[in-house]
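So the structure is just underneath, and the comments pick up after that.
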Amino acid sequence: IVFRAAQKRSDIEIVGINDLLDAEYMAYMLKYDSTHGRFDGTVEVKDGHLVVNGKTIRVTAEKDPANLKWNEIGVDVVAEATGIFLTDETARKHITAGAKKVVLTGPSKDNTPMFVRGANFETYAGQDIVSNRSCTTNCLAPLAKVINDNFGIIEGLMTTVHATTATQKTVDGPSHKDWRGGRGAAQNIIPSSTGAAKAVGKVLPELNGKLTGMAFRVPTPNVSVVDLTVRLEKAASYEEIKKAIKAASEGPMKGVLGYTEDDVVSTDFNGEVCTSVFDAKAGIALNDNFVKLV
């Protein structure tokens, strides 16, 4: 998914991929995707490397990032997407190998700085290793910031109705740490934990301790929804809240926070470029201080 997204940008050039998979299989997985469809371009393998749209991309299969020799192919930024090297110490091996910066595509396991577009991205000060947090945090944080900046959040609860992930089971299987997580993904709505709401307090310190949440894993292949229920400091009608979110989506958060009043469903957001889209018709207010946002 990182590769497909990067290929659509003129300001990003992919020069290398490190994966333990065979190059032929990597090409196959890039060409065909059950959720996002066929790749819009040409994909070949030559001399053990990928050739995408006529451009050769170096393929390596190193277990230790320190041996990757990123300097030989002029790597500026590494997208660390293995889910393994999630600390500054381990991710720094990419720097040792010649890369200039590393972006972790998931939450770090230490105090690696975390940045989320639409939340605290403007505070980035050139750190060489950063975390982009999780997809849920990227969805929740921009919305929470708009609400807090305009109306103030006293406290809130978040529920994410989350699409199936690759770690789930197709049928019931052993899962010693998470018994419910071992149940068949296609047959169940599975309650689960998530640190996304608490993580918002790390990228928006003014909300630290004010939000928490949980997740439901549901049998859909892609697109998740965040249900944010908050108690407001400043009374506001639902129309006023919508107006503030729409203004942000057309102004400072354009391209990050979207806004829609259409009668949409989850598949309408497959391939969405915004990290968060506010569904104006799905939310509801109990009163001017207690509101559910979707």
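The backbone N, Cα and C atoms fix where each Cβ goes, and this holds for glycine too.
For reference, Swiss-Prot has these:
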type: ACT_SITE; residues: Cys135; note: active site, nucleophile
type: BINDING; residues: Asp19, Lys63, Thr105; note: NAD(+) binding site
type: BINDING; residues: Ser134, Cys135, Thr136, Thr165, Thr194, Gly195, Arg217; note: D-glyceraldehyde 3-phosphate binding site
type: SITE; residues: His162; note: site 'Activates thiol group during catalysis'
Among Asp19, Lys63, Thr105, the record's NAD(+) binders - longest CA distance, Å: 18
In sequence order, what residues of the same chain, 6+ apart, have a Cβ less than 8 Å from the Cβ of Ser134 (D-glyceraldehyde 3-phosphate binding site)? Gly106, Pro107, Thr194, Gly195, Ala196, Ala199
Apart from Ser134, Cys135, Thr136, Thr165, Thr194, Gly195, Arg217, which residues in this chain have a Cβ no more than 8 Å from the mean position of the Cβ atoms of those residues at the D-glyceraldehyde 3-phosphate site? Thr160, His162, Ala196, Ala215, Ser224
Residues with Cβ closer than 8 Å to the Cβ of Thr105 (NAD(+) binding site), same chain and 6+ apart in sequence? Val2, Ala79, Glu80, Ala81, Asn132
If H, G and I count as helix, E and B as strand, and all else as coil, what does DSSP give for Thr136 (D-glyceraldehyde 3-phosphate binding site)? helix
Whole-number Å distance between the CA of Cys135 (active site, nucleophile) and the CA of Thr165 (D-glyceraldehyde 3-phosphate binding site)? 12
Around Cys135 (active site, nucleophile), how many other CB atoms lie within 10 A of its CB? 19
Cβ-Cβ under 8 Å from His162 (site 'Activates thiol group during catalysis'), same chain, 6 or more residues apart: which ones? Thr136, Ser192, Thr194, Ala215, Phe216, Arg217, Val218, Ser224
State which of the following binding-site residues has the fewest other Cβ atoms within 10 Å around its Cβ: Thr136, Thr165, Thr194. Thr165
